[in-house]
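First up is the structure itself, then whatever we jot down about it.
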Amino acid sequence: MAALTQNPQFKKLQTWYHEHRSDLNLRRLFEGDKDRFNHFSLNLNTNHGRILLDYSKNLVTEAVMQMLVDLAKSRGVEAARERMFNGEKINFTEDRAVLHVALRNRSNTPILVDGKDVMPEVNRVLEKMKSFCKRVRSGEWKGYSGKSITDVINIGIGGSDLGPLMVTEALKPYSAEGPRVWFVSNIDGTHIAKTLATLNPESSLFIIASKTFTTQETITNAETAKEWFLQSAKDPSAVAKHFVALSTNTTKVKEFGIDPQNMFEFWDWVGGRYSLWSAIGLSIALHVGFDNFEQLLSGAHWMDQHFRTTPLEKNAPVLLALLGIWYINFFGCETHAMLPYDQYLHRFAAYFQQGDMESNGKYITKSGTRVDHQTGPIVWGEPGTNGQHAFYQLIHQGTKMIPCDFLIPVQTQHPIRKGLHHKILLANFLAQTEALMKGKSTEEARKELQAAGKSPEDFEKLLPHKVFEGNRPTNSIVFTKLTPFILGALIAMYEHKIFVQGVIWDINSFDQWGVELGKQLAKKIEPELDGSSPVTSHDSSTNGLINFIKQEREARSQ
């Protein structure tokens, strides 16, 4: 594929941007088109509620949106989409298909990898998960002392942790009949020590989530958990009743002491950051029930169908992707804020930090050359209204343009005080996007200060600080209620957004070689931390850091 910056549609957008950038004033755009909301919004009607994508508060015109859609078409987005859904090995650096869509393929339409339909295997694992969840949640599954399971501890890292953690937090209102869930990921011993201190080994079930069963952080934490467990259980055979594996390495699983019958498989065409739909989601299913887990899958499948069949002009993931391209590659924006106005979504931005930054944080194209344009943004965010009292100042009056996605449910899970809390939350959500769009003019600020009776001295001093330029772009994503179905649809929407941007940038969104180098060096450094001899095998900084740590440890041990 030719370089993005040489693409005729890209050049057309560049020319338009340089000629018309100064004309893109959101106040004027709204004043000039009283129907702008209807022209730049999308209503997605599902059987489980509606999702509204309002992208009217973006620095775009109908001409810009059409040029962006033309760019997507010229970069082969539609063909790439079909290659993914058809099971082609689009992750070419690892020679793998990319089929998280198969994990939630509720239609059961055959999906082939190397000529073999993967759906029978997908359904077999789902049935196994369903049966296991029923036994644990009903109390039929007993621990070594005859007690039922009250706590499930998921030990994994990256995609084996972030997805299940985010979803179990988001769907807490649906967990009343399920066991509590805990997540241990960090190799820092504090994480597992603090978690184990709260647990009873007799009623704890550990899920060890590692495809290879060799991930250093996960296996170290798993061995620590097993050691803690056996201090109470004494008998190694009891491990089989309290540990299950999400893996493909039967030999290592058996060596650990886990019954292979309690090993739940997934496949090399499931990328870690897209794996919550697979057996990696076992902690989700245990916590909220398998029926709700299936609803999560169904919501994602609904979005998959929308993404696959809807024209690009009305396609939610595509529109989000194109708006991101507009800001990153033309306005020079470097970050993207995800701001969910729902406390249950407090891990949503963290989840998509991995989803987006590990996928599109690349500078090499599929042809092996360095890109000559920006790629993936820095993704960050916190729930509203907390963020308003932390970093919104910079979004409103800072020197950086930060495109934002605001998300909120119309219905709250907790209508306490006759819905007062949620009404205030909704008002803040609506006010922020309006404020970022409109700002406050010098004249408006002047009238405000006059009405407040400020002295001439205060007036002159305060006026510049009271002005808001506005013209800050936002998307508003409003949905009926945060249900398993709607959550599944929202996650899939952002997954496909990331995919579309990767296609336009001509990068492989499904490998993660950037994770490897640090791990390789850590293996070399680990034995160098033993003993007291100074280390000289690295650069002066790394040598100095290692030797400082060794000196401090030795001094404290004397």
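Heads up, residue numbers simply count up from 1 along the chain you see.
Each residue, glycine too, has its Cβ placed from N, Cα and C.
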Query raised in the report: Of LYS34, LYS519, LYS524, which does Swiss-Prot put in the D-glucose 6-phosphate site with GLY159, SER160, SER210, LYS211, THR212, PHE213, THR214, THR215, GLN354, GLU358, HIS389?
Result: LYS519
Requested in this report: Rank the recorded positions LYS142, HIS389, LYS454 by the number of other Cβ atoms within 10 Å of each Cβ, and give the residue at the low end.
Outcome: HIS389
Query - Residue among the modified residues LYS12, SER455 whose Cβ has the most other Cβ atoms within 10 Å - result: LYS12
Report summary line: Spatial neighbours of THR212 (D-glucose 6-phosphate binding site) among the recorded positions LYS12, LYS34, THR109, GLU358, SER455, using Cα within 10 Å, are none
Query - Rounded to the nearest Å - Cα separation of LYS34 (N6-(2-hydroxyisobutyryl)lysine) and SER210 (D-glucose 6-phosphate binding site) - result: 54
Report task. Can you grab the distance from LYS142 (N6-acetyllysine) over to LYS454 (N6-succinyllysine)? Cα atoms, rounded to a whole Å. Result -> 72
**Report entry** Euclidean distance between Cα atoms of THR214 (D-glucose 6-phosphate binding site) and SER107 (phosphoserine), Å
**Finding:** 35
Query - Coarse DSSP state, helix versus strand versus coil, of SER455 (phosphoserine) - result: coil
